[in-house]
Amino acid sequence: MAVPKMVFSDVESFLDSHPELFEDYLNRKGSSSMVEKWLKNHQAGKSEAEPKEEKSSVCKDSWASKCDGLQRRASQKELRKTFARSKAINVNRTYDEHVNSRAQEPLTSMRRRALLRKASSLPPTTAHILSALLESRVNIPQYPSTAVDFKYYLKEHNEREFFLELVKDISNDLDLTSLSYKILVFVCIMVDADRCSLFLVEGTGNKKTLVSKFFDVHAGTTVLPSMNSGEVQVPWGKGIIGYVAEHGETVNIPDAYQDRRFSDEIDKLTGYKTKSLLCMPIQNSDGEIIGVAQAINKSSSGELFTEDDEKVLQMYLPFCGIAISNAQLFAASRKEYDRSRALLEVVNDLFEEQTDLEKIVRKIMHRAQTLLKCERCSVQLLEDIESPVVKFTKSFELLSPKCSADAESSFKDSMEKSSYSDWLINNSIAELVASTGLPVNISDAYQDPRFDAEADQFSDFHIRSVLCVPIWNSNHQIIGVAQVLNRLDGKPFDDADQRLFEAFVIFCGLGINNTIMYDQVKKSWAKQSVALDVLSYHATCSKTEVDKFKAANIPLVCELGIDKLSFDDFSLDVDAMITAALRMFIELGMVQKFKIDYETLCRWLLTVRKNYRMVLYHNWRHAFNVCQCMFAMLTTAGFQETLTDVEILALIVGCVCHDLDHRGTNNAFQAKTGSALSLLYGTSATLEHHHFNHAVMILQSEGHNIFCNLSSTEYSDLMQLLKQSILATDLTLYFENRNSFFELVSIGEYNWNVKTHRDMCRSMMMTACDLGAVTKPWDISRKVAELVTSEFFEQGDRERSELKLTPSAIFDRNRKDELPGLQLEWIDGICAPLYETLVKLNPKLQPMVDMINANRVKWEELDKKRQHDHGASVPASPCSAAEGSETGGVPCCSNNTPPTHVS
């Protein structure tokens, strides 16, 4: 029976009239490839609404009408499949043609609330914020390709338009994967080949290979093959493909099996029979071969590839070379961007975690696996970085999730084994890197003599490639090694991997070193805490002593004589000074007004006494004498009536504590020797800051806080005043403030109601009490001067022996006969102006000035006798008193002769 001749338009018209027949046929005969082809053509048809050329308008209209018809008949299931497919495709796309249109759509109130809930449900971490900031803002446009059938139509009706269409399709694609696929399909169409393959050159120098991610692609294929199907690799120079790549020649073979260069390995691998073959190199703009295009078997049975086919490919492949080069450049730049971003994220990880070694190593290994895409990562830390013997004390290991069902447990298991020195596979290479400091990159482990193949054979994990680099600290010392094993793609680690890993490990070394240092600091802090606890126990008084003074009868002020400005500094023994100090607190009403527990006061005074060192002058007796002088000024001179109770308490406590833990040397000596105190407090008022902090430490000790019953405001004010009082004993501050104070008093503008005036007055009172020995009767004043000089001589001896310096006159034991002259300078330059000004403010202090003048006469007589005995005047050493002061840098006096004495 003769079949009537039909044309496509008749069939299409019939199907339009009977859609149920078309659906029935599609359900019975349709395949998944047909559906995928329809989806792709449907998307392409939507983007081609208007033709650019009159000549192709009829054909494009027919394809569009067909797609529209199919779209009208699409079921909800097909629409869901379309959405799912488009979503899968767009997951990793850098550009979405629908993004801008969606962004312009107004948000409904419901959607706005949903977005707000999503945004505010969890606070963003720094890692998420950094990731968002580093997200690439470069959008690469992607244009859909026209249908394959349409390209066949153009090939038959308009070769020029056909060629331009193929060039346009590849020129807009910067994704190397989709570009390679397009080139294969287009080559098949151009030369009418049954199969096509594209091999790209990878590697450099003598390590070049030809790799094909898409092999044996049909011209009618519309969906990209799976990336999991594996890739075909051809060695450089092997087979016809290798020959073409090596020599850059076109090969057109009518019968491949008759050519000795042909290798049938791929045919055996694919089960496909190669007959005719056309193979041509692809070059970049520099003429370098970057790939090989291969067309296999003409679609028309029995036909061979012609010279026209060669000419067509010779015209088209240069455009392919440009497109491939651009895609490779973009891929390389994208890879560098990803690596740079990963390194920044590593830095963020290291700054986020610097306290736990296990956590930071774990983050490092996760990042290393992400960066280098390896199966296994390990970090080993040296036991002693100074030792020439390599011994690892800690080893950490992490398996890739693709190699281990539970990466968490694999990490923990390796931690449990960290006490064993031989648990880590291939430990010999790690030891080699740790000893030499040079990285090791092994592409084939079993071919390298440094690799322990026997250990690998007994393991469940088999090593192919190894990259091991040293970990350095900030002092360029090796603290460990980092090692990655087996790239996931099966390739060896290349030079780019090694450079990246070395850069990565630099940051890791800093992070690990900081964590180790933190651990050391934490241990040191613990040791210090224990030491302070022990010292605190031995630095505090015993309960027996406290009970003794708590039960003792306290003599009256008149019995002790502590209210006199001429009090004998050596009249009381060490225990009597405690009872006298208790009497001062009681007499001033401090115990009652501030509700000071009497037992706590006894304990505090005894502990303060115990924390004064047994030096010649700056000891407990000096502290008590300064406190007694302040007590006399407050009571006898009447300053108690002018100052507040909090100010009085701060002054008394400040006097008792103003030289706590004095070492018998001044501030200048601390700076010269670079002592721990100068490093801790700096070179400005070094000892005074230490005295205050030591006082605070005692107050904070259990059972010693005599201020515990003060209100928070009173306590805060008192501590500020206490610090000010103790720091005021630094003569540098005295010289900074005295001119202003002297001028205010001299012109009668001093005002007790002005805070700055009161602050200056209290500071001057502290200095006056600290230097009070010069106002005592001659025998007492001279004895104190000799004690001070003896202490200075000991410092001078240390300067000469330890620092190899010649001490100034006041510290030089060989010049002790110059003491009278230095004392005259001390009185005239520092003491007399201070007390004379205080007398103008409070005339009741006149006895102190009178005694200074009397003592000056005595020193002047001794100085004249010294000059007479020597037969000439011997001037004092310049700036000797400046060094005698605890500041070591006080200004010289008005007569340009520096003062000499110090309290």
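Every residue gets a Cβ built from N, Cα and C, even glycine.
Its Cβ taken as reference, His618 (active site, proton donor) is surrounded by 27 other Cβ atoms within 10 Å in the chains shown. Annotation source Swiss-Prot lists active site, proton donor at His618, citing similarity to another entry.
Per Swiss-Prot, the feature divalent metal cation 1 binding site maps to His622, His658, Asp659, Asp770; the stated evidence is sequence analysis. Asp770 (divalent metal cation 1 binding site) falls within a helical segment according to DSSP.
Here Swiss-Prot flags Asp659 as divalent metal cation 2 binding site. Annotation note: Asp659 (divalent metal cation 1 binding site) sits in a coil segment as assigned by DSSP.
Taken from Swiss-Prot, the feature compositional bias 'Polar residues' applies to 893-903.
Residues or ranges marked as domain 'GAF 1' by Swiss-Prot: 175-324.
Here Swiss-Prot flags 356-512 as domain 'GAF 2'.
Swiss-Prot lists 542-866 with the feature domain 'PDEase'.
The region 'Disordered' annotation in Swiss-Prot covers 863-903.
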If I take every residue in the domain 'GAF 2' (356-512) and average their pLDDT values, what number comes out? 77
Quick one: of the binding-site residues His658, Asp659, Asp770, which has its CA closest to the CA of His618 (active site, proton donor)? Asp659
For His622, His658, listed as binding-site residues, tell me which one has the smallest number of other Cβ atoms within 10 Å. His622
Where does His618 (active site, proton donor) sit by DSSP, helix, strand or coil? coil
How many neighbouring Cβ atoms, not counting its own, are there within 10 Å of the Cβ of Asp770 (divalent metal cation 1 binding site)? 25
Counted with DSSP (H/G/I as helix, E/B as strand, rest coil), the domain 'GAF 1' (175-324) has 58 helix, 39 strand, 53 coil
